[in-house]
Every structure is written in structure tokens, then in C-alpha cells.
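Structure first, then comments.
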């Protein structure tokens, strides 16, 4: 049997649009206007909801500043046992945000929502849909808000009970250096319930009050900048000697005074893996610099706006991150930072101001608002990317998850984001979920970014590529792209070396093994959907027409080889 053809048309001649079809006033998949067969659906972006330079900048800032700067310094110190090395990792993370120039080149040339999905489809045209399928597995299964929701809940509970900045003791290890399981949270399911309520509330806001969702995100982004400025100013006070605790003398030598994790026997063979995990935690803290690329269809004058907003946001966050870490080291010892877990900021403020109402109640509330802003920004962008993946027709129930009913918001993508976030919240123990999920997210993202880096090099250097004629006047340096690819290869390979800095209950090999499964599962999914099904007479036809106002008309035909006028299957 001749395999049925899998067809997709990204952009067709606008003059070929069905005569008499109006693209005004459509509402989306359910209840929307379309052809008589019900297979055509219109996705409209209202002009008054498009983002300007300020909102786009704050969208990136809001995504980048979450819990990372208040939590990950602990893990990084455990991995490096050095003040100088830790600061170098934060500087390196800031330098690595320069690799956003690759996304600027791709985003200005392909100003459509979807981010990596759009770029992978342009780069890897053969085998068709393979790169898209790998990306779909990563973005649907692993790009969620579970880690931040769990941390939001933890800090909110500390507002009620009071934050205890006391150290957890020797980096969570016993005297022989072995990781020991933490005590289970007394309110484990209360913690998870608050986490689920947080993601539910955010999804409902973005689904049914989209303008308020944008205003809320912008306000929280401004609030985060003020919070980080408070950390920086407090750090300068600590450098001037205004401390309630003894001076830690962390800048007396490159490594700093003392030992991060006393009585823990270091394994030199795992040093590369520890450094890789430290780098992943830094990258997680900086993650989000590509956030605007996911929603470019909803950005006014996207190429020019992106070129202003992305560098401005990244430079601001990088400077604040480095200064904040200098402040941490000015006030807290290596052991305090390494043992404080997700409460690095609490021990920092305690050492400067002393333990009082601000540290035990106000501080965790401030940090919880910062985390909420990160959840809001990530949900806003991730839901739109998942909607774009659903528009491809490659997901089960694609029409449903591509829905923008009832008020032209990505309700289907928001539901998909909510489902996987809730599943990850309910699964692991809250005490271990944050470090494990954050590392796994960064590892999976590194695979996608490596494909982007290698693909951009191919487009730029291949003599048969037409990319130089397609791109705008903006293009990145090949040197930056090569160093980006090499750094990602280190991040992906080093965690396979045995290390001791994941979590007390998750084996060291789980993160890289599960992370690599993204490529394997994506390839298997592609083979099933696009190779095996056609052998049994099923076809997938997907047509996208980009209308003059930037809205999209999508037509699906899923099912056996039947005329396109028949209704498609949901699966």
C-alpha cells in the first residue's frame, strides 16, 4: 500500500483564500466561524492585547526572576565549595545570555509565536516533523510551572508559620558524607494543594481576564526589580560592615574562608558533574531570556520590539544577579549559604538586620509574590507555544488543545499546561521536587537549544542554504554560536558522571537519563504518527493561512484517506 502523504502548508498565497471567507469576528475552535465542513478555524489576536516594548521587556524580566536567585546559590555553593567559582558561574550565566542573539536573529526573521518550534521547522525540514515532534515532547511534558508553584506554596506557608532561617545542617548530609532523606513536610498535601490552587488561579486569569493578566504580570515584574534592588543595597551595607553576624571573610581568598559542607568527603571524579549541575542551576535562574520569542505574534512590530526588549531585560537581570550574589557572600558564610537550601535570602537578611518580623513574615511574602510573577509569565508564554504545537495537528485531540474559545485566549494550551503542572506537583515529595524538576527542565531545554545552535550554524555556513537572503540585517556571531553549542554539550554530558548534588532521594543518573529520553520519545512519537499510521491508510493534512491582519486560519483533516469535506477524527 502506498503510504498516504502527510501535508502541511505554512503560508499560502493570500489571493488563494476561499472567496467570501471573512476573518473578522471569529472566536476560535468551539463556536467559531469557519467553512461549512467545520474543519477551518480562525485564531485572531486583538490589537489592543498586543505587547509593546515595556510589556515585552517585563515579560522577559518576570520570567527570568523567580526563585532561582533566592534558592540556587545554595546548590551552586555545594557543588563548587568556592566563592570565586560560584561568582564565575553567575558571570558565565550572564555571558551565556548573550546567546540570545541567536534567538534575535531567528526571531526577527521569523516573527511568529512558537519560539523553538518555528525555528526547528525552518532548520530541520527533513525528515518532516521530526524536530517538531521532539520539541512537542519537551514543551508539553517538561515545560511546566510545577517547581515554581511548589516554592510559592512553601514560602506562603512560611508567611503563616514564620520563616525559620535555621540551617538544615551540613548541606543535608550525614557525617560520613552520604545524603540523608529530609523529614517529610508536616503539611505535605496542604503544600501541594496551595501549589495546585496557584497554577489554577493563574491559568484562569490568563484564560478569562487576559488584559488583567498582562497588567498583573507587569506589576509583579516591577515588584521583583525593587526586591532585587533591596538585596543589592543590603549587600552593599554588608560590604560596609553593617552586620549583626560575624563577618564571613569570603573575599579573603578565591575560595573564601571555611568549607561549604564540613565532613563531606569530596570525590574528585565527580567534580565535572558537580560543575555541570552548578551551571544548570545558574542557567535555570537565567532561563526565560527567550520568553518573548514564544509570543511574537502578540507583540507589536515584533522584530524591532524584540531587538530592544530582549537585550534590555537580560542586561538588567544579569547585573542584578551578580550584585545580589556578591551581597550574599558579603553577609553569609559558605556553610550558611550551602546549608540554607531555598532560604538563602532569609539567612542573608538575618545576618544583616537580625531575626525579626521582616525576616520571618514579610520576606517570605515578598519572595512568594516574586515566584507568582514567574508562574504568571511562564504560563502566559508556555500556553501559547503549546497552542502552536496543537495547531500543527500532531497532538492527540489537536483541535481541542488548539482552542481559543471563548474570548480568543489559548484556553486549550492553558489546560494542557495546567494538566502537566498539576501532575508534577502531585507526584514527587515537595522537599525534593524543586531541585529535581528545575534540573530536569534545564536539561531538556539544553537538548532543544543544542539543536537550535547546530542548526543555525548549518544555515549560516552551508553553501546551499538560502538563510542569508531570508534573515534580516541582524545576525549573531558564529563564535558565540559555537561556544554556546560547546557549553551545551558539556551540560548534557557531564551529569552522567556520578555526583552528590541532586537530591537526597533521587539517584544522580535520573536527570540525564530522563532528559535524554526527550529525543528518544520524540523520535518514536514521530515514527508512530507520521510513518506507521499512513501505512494503515490514515493521513494528516494541516493547512495554515496567515491573513493580512496577522491572524491565522487553520484547517485540519485527520483520519482515513477520505475526502477533506468529512469531519476529522479527534485523535
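Residue positions begin at 1 at the first shown residue.
Each residue, glycine too, has its Cβ placed from N, Cα and C.
If you look up TrEMBL, you'll see 87-108, 189-209, 221-241, 308-331, 407-427, 439-459, 479-497, 509-528 marked as transmembrane segment.
Against the transmembrane segment (308-331), the recorded stretches 87-108, 189-209, 439-459, 479-497, 509-528 differ in Cβ pairs under 8 Å, and the greatest number is found for 87-108. Residues 76, 80, 115, 118-119, 122, 278-279, 282-283, 285-286, 289-290, 292-293, 296, 302-303, 306-307, 310-311, 314, 317-319, 321-322, 325-326, 329, 452-453, 456, 471-472, 474-477, 480-481, 484, 487 of the same chain sit 6 or more residues outside the transmembrane segment (87-108) yet have a Cβ under 8 Å from a Cβ within it. Sequence-distant contacts of the transmembrane segment (509-528) (same chain, at least 6 residues past either end, Cβ-Cβ under 8 Å): 127, 129-130, 133-138, 141-142, 436, 439-440, 443-444, 446-447, 492, 495-496, 498, 502.
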